[in-house]
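Per Swiss-Prot, these features apply:
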type: BINDING; residues: 114, 118, 301; note: Fe cation binding site
type: BINDING; residues: 136, 137, 138, 139, 140, 169, 182, 186, 275; note: substrate binding site
């Protein structure tokens, strides 16, 4: 059987990425051009800046991904691309490049939901057994997803306000930490003690919903009041207390979901899945099911995860037309 090569594009936010996947599971290349330095001085992602950066580097990323994979344009079998959710301008750059490549070479175009990409990045660790449950935690999303089979996703719980990664970045900004603040807060948390009593919203409620706005506000108020009084608070203890509250919420809701949906596998993915504290809590407390977390290089936004997610769409022949457009608010359980 002839080998299949999928060229995948990811430009939903501030990472320009192009990857090549051979057949179902051999990731030959995964080129990522980061924009962190450009957005750092703004304390967050500036959509217009992100779009311009994507335009500047997308062609070079395509060339590098093909070269690293050891293939030519003529070897590519199909093109996969993120079409949502994300920043509309950023998404359009990847979509335009992917459609142009596919059209020029007469190849099928595979539409991929960004969050499906995060989830299916776990396929890089080992073949996934369905049904499974997934906890997706990133800067824009916090969701519990039931997956009956590859490509069939159902959101069973999500945040009512802030995403967990968003809360990390806002708290980090208050403390004057460098954007993105997640890794630094995690490191500082391991040096401090959980001494501040931050709220764990909805932790005892009988649902699978999350809320982090109250925790974020409590943190900001404590920090602000201390500044007003001229008091000094331990940054390490603040981070430890904040992270403990976050993890208590995530673990409580995940355990409740596992009780409601008896599965053998839990996938934890998204940028926050790189958090050491989360990985430690999962290892210590989730012992009845197999926990699969993508490697660190596949936790953040990258085209490799889009390539993995595209396989199930390829198998279903779920191809898009040339009118495929960016859908910045695309629902996770919606596919073209």
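Positions of Cβ are set from backbone N, Cα and C atoms, glycine also.
Overlay of Swiss-Prot feature records on the structure.
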| residue | record | contacts (Cβ under 8 Å, 6+ apart) |
| --- | --- | --- |
| 114 | Fe cation binding site | 10, 12, 82, 84, 85, 86, 301, 306, 330 |
| 118 | Fe cation binding site | 136, 138, 269, 270, 294, 305 |
| 140 | substrate binding site | 13, 85, 86, 163, 165, 166 |
| 182 | substrate binding site | 165, 168, 169, 172, 271, 272, 274, 275 |
C-beta crowding around residue 138 (substrate binding site), within 10 angstroms: 24
Once the chains shown are all counted, how many other Cβ atoms turn up within 10 Å of the Cβ of residue 136 (substrate binding site)? 26
According to DSSP, residue 182 (substrate binding site) sits in helix
